[in-house]
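**Q** Annotation comment: Swiss-Prot describes His41, Ser60 as active site, charge relay system. The disulfide bond annotation in Swiss-Prot covers Cys26-Cys42, and the record cites sequence analysis as its basis. The domain 'Peptidase S1' feature in Swiss-Prot is assigned to 1-75; the stated evidence is sequence analysis.
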Amino acid sequence: VVGGDECNINEHRSLVAIFVSTEFDCGGDLINVEWVLTAAHCTLCAGIPEGGLDTCGGDSGGPLICDGKPDGITS
């Protein structure tokens with residue numbers, strides 16, 4: 001933000017902080033009760049440790065499966 005003003009946290013109740021474990025990762029805006037809008041650089045790059053299979057580039061998105069269960073959506 002360039003030229004912004006400080007504000008009280010209670011003035012903008014739709015802002016969210018996204019944490020990975022206990023580390024702040026990114027911010028976003030709550031656009032309804034289930035969805036957060038965030039910047040493209042805040043997206044998840046899911047894959048296998050060995051490499052070669054991932055959603056990091058050239059993928060059109062789809063379900064994110066963790067431990068055999070649906071856990072989200074990649075884009």
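Using the three backbone atoms N, Cα and C, a Cβ is placed for every residue, glycine included.
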**Q** Just counting, how many other CB atoms are there within 10 A of the CB of Cys26 (disulfide bond)?
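**A** The Cβ of Cys26 (disulfide bond) has 15 Cβ neighbours within 10 Å.
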**Q** What is the Cβ neighbour count of Cys42 (disulfide bond) at a 10 Å cut-off, with all protein chains included?
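**A** Its Cβ has 13 other Cβ atoms within 10 Å.
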**Q** Measuring Cα to Cα, tell me the gap between Cys26 (disulfide bond) and His41 (active site, charge relay system) in whole angstrom.
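**A** Rounded to the nearest whole number, the Cα-Cα distance is 9 Å.
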**Q** Near His41 (active site, charge relay system), how many other Cβ atoms are within 10 Å of its Cβ?
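**A** Within a 10 Å radius of the Cβ of His41 (active site, charge relay system) lie 6 other Cβ atoms.
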**Q** Averaged over the domain 'Peptidase S1' (1-75), what pLDDT does the prediction give?
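**A** On average, pLDDT over the domain 'Peptidase S1' (1-75) sits at 77.
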